[in-house]
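J.: Can you read through this structure? Questions will come right after.
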Amino acid sequence: MLTSLFLVFCLFHCHLNYHVQASRISNIEQDRRELGLRFKQAITDVMQKLDDLSITCPLDSFFYNGSCYFYLPPKQIDNLKGIGLGDVSVDEATSRCRLINCELWDIETVNEFDYVLSRVYEQTQSFGSPRIAVSFINGKRLLNLQQRMGEQQFISVGNTNDYSLIYKPAPDIPPANTCLIIDISKATRRVSLEEKFRLEQRSNHYICKMKINSCYNNTRCGRHGQCKNLVTTFTCVCNFMYTGDSCNERKSHFCSYEFESKS
C-alpha cells in the first residue's frame, strides 16, 4: 500500500515538475519574442528619428521636397558715410550661398516656385513690401514667360494664389546674368517679378537653397531598388537580381541561368 502511494506521489511530482519546466520554457520563449519585438521597434524608432533629422532645416528656414530655403541678408559695405547696403552681382550672391553649402535659388519646378512664393508671401507682414532676389536662368525657361517690350503681364501659377502675380520683363538681358527680383506688396496683395542685371541695393534678401535629402519623393530607383541619400545627390541600391543606375536592368547571369534551366 505504501509502495503504491509512493509511486503515485512520484508520478504526480514528476508530472507537476514537467508542467513547471514547460511553463518556464514557454515563459522564456515568450520573453524572447517580446524582447525581439521591442528590439525591432527600437530599430524602427531610431530609423524614424534619423528620417526626422534628415528633414530638419536651419532656424528661420523652411522645408520643401528635400531642400531647405532661407534668406541671406544683403551685403553690408563700410564706407565714409557709415555702414550701408550695396549691390550684389548674381555670381557674388551665388558665392555667398556656397559658403554655407547652398546654392542661390533658381526655380526647378512650377510647384516649387508656387510653394516658395506663397510661403514668402505668407511670412510678409500686413503692410510689408520686401524685395527678394533669386537666380533666374532655369526658371525663365521653365515658366515660359513672354518677352514683350515694356508690357507687364498678369500670370497665373498654381491654384491657391491669394495675390496678383505680375511679370515685368527686361528685354535684352543675357541669360547668364539674369536674376529675378520678387517685389511683394502685401497691402495691395500684389507680387511683381522683375528681371534685372544685378541684385539691387533695394533688395532686402536673397534666397539660398540647401539640398538635405535627395531621396525625398524620389522614384527614380524604380520598383527594384531603394534610394540611398547622399545629401546633395543619391544612389540606387538595387535588389539582388537587378542592376543599372535606376535598377531597371536584370543581371545577365540570372538571365542566362533561367535560359539554361528552360532549355
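Cβ atoms are placed via backbone N, Cα and C, with glycine included.
Dumping what TrEMBL says about this protein:
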type	residues	note
DISULFID	CYS238-CYS247	disulfide bond
DOMAIN	211-248	domain 'EGF-like'
SIGNAL	1-22	signal peptide
J.: Return one of helix, strand or coil for CYS238 (disulfide bond), based on DSSP.
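T.: DSSP assigns CYS238 (disulfide bond) to strand.
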J.: Under 8 Å Cβ to Cβ from CYS238 (disulfide bond), same chain, six or more residues apart: give me those in sequence order, or none if nothing qualifies.
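T.: The answer is CYS221, HIS224, GLY225, GLY244, CYS247.
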J.: Which whole-number mean pLDDT does the model give the domain 'EGF-like' (211-248)?
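T.: Its mean pLDDT is 86.
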J.: Counting every protein chain present, what is the number of Cβ atoms, excluding its own, within 10 Å of the Cβ of CYS247 (disulfide bond)?
T.: 21
J.: When DSSP is mapped onto helix/strand/coil, what comes out for CYS247 (disulfide bond)?
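T.: SS state of CYS247 (disulfide bond) = coil.
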